[in-house]
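See below for the structure under consideration.
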Amino acid sequence: MGDQFETGQHALLNEGEENEMEIFGYRTQGCRKTLCLAGSIFSFGILPLVFYWRPAWHVWAHCVPCSLHEADTVLLRTTDEFQIYSWKKIMWIHLSALNSALGLTADHPLITDEEYIINRAIRKPDLKVRCIKVQKIRYVWNYLEGQFQKIGSLEDWLSSAKIHQKFGSGLTREEQDVRRLICGPNSIDVEVTPIWKLLIKEQSVKLHHLVKSHNSITVSVCGRKAGVQELESHFLVPGDLLILTGNKVLMPCDAVLIDGSCVVNEGMLTGECIPVTKTPLPKMDSSVPWKTQSEADYKRHVLFCGTEIIQAKAACSGTVRAVVLQTGFNTAKGDLVRSILYPKPMNFKLYRDAIRFLLCLVGIATIGMIYTLCVYVLSGEPPEEVVKKALDVITIAVPPALPAALTTGIIYAQRRLKKRGIFCISPQRINVCGQLNLVCFDKTGTLTKDGLDLWGVVSCDRNGFQEVHSFASGQALPWGPLCAAMASCHSLILLDGTIQGDPLDLKMFEATTWEMAFSGDDVHMKGVPANAMVVKPCRTASQVPVEGIAILHQFPFSSALQRMTVIVQEIGGDRLAFMKGAPERVASFCQPETVPTSFVSELQIYTTQGFRVIALAYKKLENDHHTTALAREKVESDLIFLGLLILENRLKEKTKPVLEELISAQIRTVMITGDNLQTAITVARKSGMVSKSQKVILIEANETTGSSSASISWTLVEEKKHIMYENQDNYINIRDEVSDNGREGSYHFALTGKSFHVISQHFSSLLPKILINGTIFARMSPGQKSSLVEEFQKLDYFVGMCGDGANDCGALKMAHVGISLSEQEASVASPFTSKTPNIECVPHLIKEGRAALVTSFCMFKYMALYSMIQYVGVLLLYWKTNSLSNYQFLFQDLAITTLIGVTMNLNGAYPKLVPFRPAGRLISPPLLLSVIFNILLSLAMHIVGFILVQRQPWYSMEMHSACTVQNESISELTMSPIAPEKMESNSAFTSFENTTIWFLGTINCIIVALVFSKGKPFRQPTYTNYIFVLVLIIQLGVCLFILFADIPELYRRLDLLCTPILWRVSIVIMLSLNFIVSLVAEEAIIENRALWMMIKRCFGYQSKSQYRIWQRDLANDPSWPPLNQTSYSDMPGCGRGVSYSNPVFESNEEQL
């Protein structure tokens, strides 16, 4: 189909989203439909099969192009590199069913308001809605805008004021009925594939059980006129007002909180089971869409489907209320299920090469068909026999089990991973794991322990920082604003008498020795809600002038904002605001005179030792303001700096050995963290990511300011010498005198998210050079983490990302292989989830990926040889107008190949990671040479056997058996005919050529299985695969038994002829020679990595991967890396001017 479309025929669906598609309008024509029906009948069902595999052909054959407005069929095409087609029939929803109940007419006020998509989709006056359903999502035709739009969600353009005004009182029953009919039920249905259609998929069964409970939850819904009523969750519609009561409630939909607050467990989504506080959506007068009205993440107001509400806390209105935002498959949980049902296709070269090879086999089969037609026609065979034999060649030459065989290694690897607590929702990515050559790690909770130990606190006053208060001494922290901040500035909750929440908050609160409770009858204070959280000093505490502190309002922590703030009320005292967060962020909100002049150097002392540092600040508020009416911007201004909280962030036990293992295997390791830069550098050194002999070069980039253009500077980091640095965002130790050591030895670049942003904007030509040696990226926002992973992919790296799932969701999804450390079996965060909360899952995944990849190659080679062995044998027999019998085919296919295919893949992964990867594609020189050489070797053996058997003195063209009697010499051989009446039925198959070819082919299949079964360095040695070895021994034993056994009935069943012992020995000798030559060639040439590397050097081959090209260029550049230099964006060669882009899932590097 060309790119010329009729007016209105072409549009974009989900524009700008991950699942963006092109949509084309078509109208069915009766005459075309009739012709296609006739074609289906006359082709005996082949045409519908073709249309099934080629959806676009189905539409082009049945329909003519038209505008989307007039279409009854739409053709969909993905906009990614795969260009996958699908088609859908346009359906109609009739609102006439509601006429009798609601008295619905075209001028009813309920549908005349065209402010919402639902009303714009209703065709008047017949009250019908056009819709399509694509990947479980319903789209309706918007008559006002002339396009298909997603339904089942509240409109994104709604402002917070509009949400409060329109939906704050609930929907009427009429509105609910209309929305329910158009949007569909709030259910996530996963059908279990019936047995008559396909063998039940384990995944569909698991998904069915996963979502079954979601569809049967009872909720409280407030109607505008009906009041509060109990309702089954599948009746919910977008806009419904939920009343949340009690604890341990499972959310059946996505909803935006408009009143009260909730503490939820989002482990199913993020992989992090730490309670998260959700705050109500503030009602603002602005008409800005509610998602963008604040710099903070809008998700802090959203309760996601599938998450558990641990605690619902009412505000002044007395109820916790939330407006249903999205239902069904539009929800967060629905998105997770859809990502499993419709995984993103993998453009991994292995699968494309397999298709290409199949096409080559089709070409070979075509040659065989022509040969067969010529032989059988010239022999005067009847036409039906000629056609049957010709079609046989296709089924022999093209192994239908090849695609399935390529996936068996993945299945076994997935099972082994599951035993290790690593779960996978995208099994195809296991093969990609075997190609990883760069792994990015989050720091906190991934490389370092979740549990932080509170080391001490450094308070400050007008004179600067005071002495460190160490909690190891057991001495309590003196009362003051700093103590109050530590006791109240957190998001902890009290659940069943146990304090739960973020480990950092927990350690900070425990250090104060205060207690937590709910405000009850004993607390009567103006502005303090009845069930507010109150922290109180313990009974043993002395010299604390307040009875307690009530936490009135929270602005929760956001990784994008790097801070959290609370508004509290001292019982019998002042109303205060406390802030806690990244030191440089907190300091920027404080009055400059309250921040000590030694702030940078004091901070540097602790960050260089790898401590995690949190800053605290506060201010007094006026008591007459209502807390929820206060804007965050007003609260977070003119604060007074209180001091620094010092936490010890220790490495996990497995971190250092795992990183050493990856680095020794020449797999790059990169740290991407939201933490402080100096802390990240220290952790990188301690973990071994940066060795003692390697240098760290700090890159600092600054935005354009006034008359000066954007700048970038390069400084060598010194570990010991402490010198103040002028920029507070980068408190780092700088070397005064720089030698050339940084250029001579290996080096690593370290930079912050701010610098990364400036470089991307103003120094894009330097970005790939920096990424080649960029190892430490600190203060990175979630969006910057995703961008960095994408930039690495553009350099042709196969990128893995390992994180705790909390702030890394985007990067985990963007990476080729995303690994979330979580207790959940599957999260929306990543394709892989590890229950073991450390990074040892990374080398396990890479090992299993490499093993699965090599297994796929082994199976590919075996299936190719198996089909070619049969193909060669059959074509030789066709020369004599003979063939293999059904039982002979059956024995080779089932008793030999099927058993080998099932057991050959059982080898586990080799326990050691080697410093090179297996080939990433089938069309690589060693693999192709192996296949071609073994095909030629088998061809030679078959031809030799075929010719030699005809030259034997006992050979006769008549159907007979030639067996030895008493004397074994050829001269005394006598012919012992098998009963003629028994032979007549098999005369089409039995011959000496048939017997010889069948034995050579059958045992050769066993030989190539043993030769191709690879062990080290990517899989366990073959002898450890006991089942496979046992199967080969039994198969070989059975074949030799048949070969040497003189059992007439067995021979008759298999259509074999008895031959002299000497000839049988000759067959064994030919097979032995074949085995020896094949094994020697495989080990000495095909698998000889050193030989292939030498050949590459001789021919001057160099990798075409982008990162390899840049590495070679930089190695020859004496001016790189620049040290003690500052460059500006308006200087030549520093700005834009580089373009590098490659498909995400491709690598141009030929690995051997």
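Just so it is clear, glycine is given a Cβ too, placed from its N, Cα and C backbone atoms.
Because TrEMBL annotations are produced automatically, they should be read as predictions rather than curated entries.
The feature domain 'P5B-type ATPase N-terminal' is assigned by TrEMBL to 17-142.
What TrEMBL records for 217-340 is domain 'P-type ATPase A'.
According to TrEMBL, the feature transmembrane segment maps to 354-378 (among others). Long-range Cβ contacts of the transmembrane segment (354-378) within its own chain (Cβ-Cβ under 8 Å, at least 6 residues beyond either end) map to 385-386, 389-391, 393-394, 396-399, 402-403, 406, 860, 864, 867, 871, 875, 878-879, 881, 922-923.
Positions annotated as transmembrane segment by TrEMBL: 390-413 (among others).
For 860-879 (among others), the entry in TrEMBL reads transmembrane segment. Within the chain carrying the transmembrane segment (860-879), a Cβ under 8 angstroms from the stretch's Cβ atoms is held by residues 354, 357, 361, 364-365, 368, 371-372, 375-376, 389, 392-393, 396-399, 401-402, 405-406, 889, 892, 897, 900-901, 904, 922, 927, 930-931, 934-935, 938-939, 942-943, 946, 991, 993-994, 997-998, 1000-1001, 1004-1005, 1008-1009, 1012, all 6 or more beyond its ends.
Residues or ranges marked as transmembrane segment in TrEMBL: 885-906 (among others). Under 8 Å from some Cβ of the transmembrane segment (885-906) lie the Cβ atoms of residues 401, 405, 408-409, 411-412, 855, 858-859, 862-863, 866, 870, 986, 988-989, 994, 998, 1001-1002, 1005-1006, 1009, 1013, 1025, 1027-1028, 1031-1032, 1035, 1038, 1053-1055, all in the same chain and six or more residues away from its ends.
The transmembrane segment annotation in TrEMBL covers 927-949 (among others). Nonlocal intrachain contacts for the transmembrane segment (927-949), taken as residues 6+ away from its ends with a CB within less than 8 angstroms of a stretch CB, comprise 857, 860-861, 864-865, 868-869, 872-873, 876, 919, 955, 992-993, 996-997, 1000-1001, 1004, 1008, 1011-1012, 1063, 1066-1067, 1070-1071, 1073-1074, 1077-1078, 1081-1082, 1085-1086.
TrEMBL lists 995-1013 (among others) with the feature transmembrane segment.
Beyond the transmembrane segment (1025-1045), the same-chain residues lying 6 or more positions past its ends with a Cβ under 8 Å from any Cβ of the stretch are 895-896, 899-900, 903-904, 906-907, 999, 1002-1003, 1006, 1009-1010, 1013, 1054, 1056, 1061, 1064, 1067-1068. Among the features that TrEMBL reports, transmembrane segment is placed at 1025-1045 (among others).
Residues or ranges marked as transmembrane segment in TrEMBL: 1065-1086 (among others).
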Beyond the flanks of the transmembrane segment (995-1013) by 6 or more, those residues with Cβ under 8 Å of it: 858, 861-862, 865-866, 869-870, 872-873, 876-877, 884, 888, 891-892, 896-897, 900, 904, 907, 930, 934, 938, 941-942, 945-946, 949, 1022, 1025, 1028, 1032, 1035-1036, 1039-1040, 1042-1043, 1054, 1056-1057, 1059, 1063, 1067, 1070-1071, 1074-1075, 1078-1079, 1082
Confidence summary (mean pLDDT) of the domain 'P-type ATPase A' (217-340): 82
Composition by DSSP (helix, strand, coil) of residues within the domain 'P5B-type ATPase N-terminal' (17-142): 45 helix, 41 strand, 40 coil
Residue distribution over DSSP helix, strand and coil in the domain 'P-type ATPase A' (217-340): 23 helix, 48 strand, 53 coil
